[in-house]
């Protein structure tokens, strides 16, 4: 099957596919319409010349290369494409003498398919060799990174740095060239991100090595921390380079990304549970412990972390973990309630507490088992990939030693482990059957090589057979691992809501559990937010979560019984929709408040840690102060990460912002202990310049990452909501200051004033970012003026707070401080108003009465009513032709996933009128064409021309959507929205080109009996996946274009009308 993950492959395959499509149409005209096929000598000669040139270049490459795999895989591709070319030439010759020849038509269609398939194989084989060149450079850097462990002198460090630099530069250049060549946008981003991380870590590595060498040679304290810093940086760089190697080998969508994320999430959850378990059990053992204190919070956090693991599991494992979490949560509520009523020492309370304690042990064991199973399957999967890679090199070398057989045996052993962990017996048996076949073939090949017959035709054929069988085995084990995981919901809130809505609308349709998984994900985030809330707010949010859970279970039960379309199900669906809306609103309100509190000040704890680390050696309680500030910094960093994750989960962010937040949270978690280690080295080596520079490097890296995280969190939540929450928080801080002054508590006053100043500065930061993001001069001017006014009010308030703290009973000072506080509040309100421009009054106010002029003249007489027939009423506006989506007819064979993707795009576009909006018109047209393609792709004879033409029409509409979206982006004043729109719409041309190529491939197979079911199904699968990607990209483009149109330039000549067919409030 053709793959086109690079621009070069795509640019070569597209014209070939275009030529082949003409031949396919001629074939169908001859076969179905009985037309004579015209003389094909000239077009076939053109194809033959292009293919011959490609083969010649390929053969020259094989002659000069040292890549054994390339030498092995190129010749079969040459043979395939040359045989296909021969068939085409024979067909042209036969048709010259007989334009109606049936054998000639068969040669024509088989040759066409062979040309496309063979050319693709040839290009892919060559591309794989290019990738191996880059991987060799990457592996060279990986090997050299391990040398860092033996560098113990400054001379060695200088040499190491000099040697590492050129290799890093070469790798960076190759990766940059490769990412520009890739057609998959996600793969490009992954490569760029990993390479950027490696570049950022290089100075950190040199700094860590330098401090290690310094402390080791001077025999100072802190050598253990220096060693940790160095090893962490080496491991982090190695992990990123390994990720680069993995992504370089991807040719289609990324199937492995979830595995490492899930394993990592489970390990982190397990570590968090272990760290909280003693504190939780201590609270349960103590009948006098207060409800709501750190011990109870530890239990809530354990249940939260275990719930995250449960969501990553499937089937019975998932039900058991989540069920245990819910039960323990309810029992903890009961224990807390009894203690709040003073009955903590009662037999009932003591028994409940003991049951919770035992339940926590059971839950921890379940979580450990789940983590162990996923890690075992993931490790086996990764091990199989490495061993098969090594085995392929052995299979390509006729004189290879016995180590290759060992690699194959190792891969088979790992595959057996996956088979044993499979829940599906059919999958397990399929893998085990493949193991037996590969073992027998490998044994036979090994015997031939030991007899010195490794270069014989039989041995070479066997080697090729084993290579193919190993690739098939890898596909089967990958699928088994993927199927063992639950259905994956979208990573962002709007995506989850959309998936949930689709299931609610059609609960009987099999969506592989995605809709229910999305609802579970939303409910899980609701529980997470509730865990940090207090009293009635917490109970209210939990009640909303339980309501959604109950309604989902009831609707799923009705759907399972075949009653998903019944009136009862419709009523339930309506209730569930309303409950989801309520839950979403309350979650976003809670999350915005938490962001306002936690992100009001991100850097003070690390600055205080820096002060403690540089304290003079004779400072009192130097170590104790440092330990306290290190713990505060660690807790603060953890809170930032947890809150950022909530903002990502329930904010208004798109997928790329969510992934950006997740990446920055991961980096913060990794960096925090390294910053503390660097600070401890500085504490134990006062005055050491190398230690100071190293700490500054680590500190700045942490601060840069948190600033990036803060910016992404601000993108993820509504700016006005954040400003509202900050304004309310400042009011509460002012109220606390009033209480402090009334009770003569200067420290409480200072804390309140400090909080006000931090929140005001946070608002300034948000406003500054929005000004930088906008190109609307009026908006920029208004926000900047309001920000400047706010900026001027902060310092006077701080000065007044210091004055009143020094003499808290002075009424005059108290009044000055409160006046300053109210001035800040007023300035904050003006910033908020700048983000919410006043809407014009509707209806407009009446005219000024003073402008009225009365005269003595009489009004003219009223004209008579028209006589005769009453004119007919105005006819209703004509219905838009593209409104109705075609329903599947009884007995009609269609491709269901393709039809569903088309329907989803049509549903999105139908929200808007296509009058005056060419993007909507083109999107609806594409959806209807894709619905037609879902029928053609399953058709028999007589549909080749229609399939090819349909793909061309879809590509034409795609070009129209892309062109219009770029016009909208050009006029949009919001840089973020513009970038999002361009990123989405720029995917469309590549995908639509691929659709044309894949449709041509599929057309060559329609009605043919000499094609295997597996090959035909593979072609359909690729076409379906491409269609789904295209429909999704256009759907996202429609949404982003609508968002961009709100921020369009007022003087823009280009406009699109966005008129909702169904208003949002209905």
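Glycine is no exception: its Cβ is also placed from the backbone N, Cα and C atoms.
These come from Swiss-Prot:
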- 97: phosphoserine (MOD_RES)
- 173: N6-acetyllysine (MOD_RES)
- 260: phosphoserine (MOD_RES)
- 275: phosphoserine (MOD_RES)
- 290: phosphoserine (MOD_RES)
- 346: phosphoserine (MOD_RES)
- 434: phosphoserine (MOD_RES)
- 496: N6-acetyllysine (MOD_RES)
- 574: phosphoserine (MOD_RES)
- 579: phosphoserine (MOD_RES)
- 600: phosphoserine (MOD_RES)
- 604: phosphothreonine (MOD_RES)
- 672: phosphothreonine (MOD_RES)
- 721: phosphoserine (MOD_RES)
- 795: phosphoserine (MOD_RES)
- 809: phosphoserine (MOD_RES)
- 1-835: region 'N-terminal globular head' (REGION)
- 168-208: region 'Talin-interaction' (REGION)
- 259-589: region '3 X 112 AA tandem repeats' (REGION)
- 836-878: region 'Linker (Pro-rich)' (REGION)
- 879-1066: region 'C-terminal tail' (REGION)
- 259-369: repeat '1' (REPEAT)
- 370-479: repeat '2' (REPEAT)
- 480-589: repeat '3' (REPEAT)
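Known features from Swiss-Prot, placed on the structure.
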{"residue": "97", "record": "phosphoserine", "DSSP class": "helix"}
{"residue": "173", "record": "N6-acetyllysine", "DSSP class": "helix"}
{"residue": "290", "record": "phosphoserine", "DSSP class": "coil"}
{"residue": "346", "record": "phosphoserine", "DSSP class": "coil"}
{"residue": "496", "record": "N6-acetyllysine", "DSSP class": "helix"}
{"residue": "574", "record": "phosphoserine", "DSSP class": "helix"}
{"residue": "600", "record": "phosphoserine", "DSSP class": "coil"}
{"residue": "721", "record": "phosphoserine", "DSSP class": "helix"}
{"residue": "809", "record": "phosphoserine", "DSSP class": "coil"}
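Assigned with DSSP, the residues of the repeat '1' (259-369) fall into helix, strand and coil as follows: 94 helix, 0 strand, 17 coil. Sequence-distant contacts (6 or more apart, same chain, Cβ under 8 Å) of residue 290 (phosphoserine) comprise 339. Counting only residues at least six positions away in the same chain, the Cβ atoms of 726, 729, 755, 758, 759, 762 sit under 8 Å from the Cβ of residue 600 (phosphoserine). Proximity of distant same-chain residues to the region 'Talin-interaction' (168-208), defined by a Cβ-Cβ separation under 8 Å and at least 6 residues beyond the stretch ends, is recorded for 4-8, 10, 131, 133-134, 137-138, 141, 148, 157, 161, 226, 229-230, 232-234, 236-237, 240-241, 243-244, 247-248, 250, 252-254, 656, 663, 693-694, 697-698, 701, 983, 986-987, 990, 994. Note on proximity: of the modified residues 97, 434, 721, 795, the one nearest residue 173 (N6-acetyllysine) is 434, by Cα distance. Cα to Cα, residue 496 (N6-acetyllysine) and residue 275 (phosphoserine) are separated by 32 Å. Distances between the Cα of residue 579 (phosphoserine) and those of the modified residues 97, 275, 672, 795 are shortest for 275. Rounded to a whole value, the Cα-Cα separation of residue 795 (phosphoserine) and residue 604 (phosphothreonine) is 18 Å. If you compare Cα positions, residue 97 (phosphoserine) sits closest to 574 out of the modified residues 574, 721, 809. Of all the modified residues in the list 346, 604, 809, the shortest Cα-Cα distance to residue 434 (phosphoserine) is found for 604. DSSP labels the residues of the repeat '3' (480-589) in these numbers: 83 helix, 0 strand, 27 coil. Note on the repeat '2' (370-479): its mean pLDDT in the predicted model is 86. Between the C-alpha atoms of residue 574 (phosphoserine) and residue 721 (phosphoserine), the distance comes to 28 Å.
Taking the Cα atom of each, residue 346 (phosphoserine) and residue 672 (phosphothreonine) are about 43 angstrom apart.
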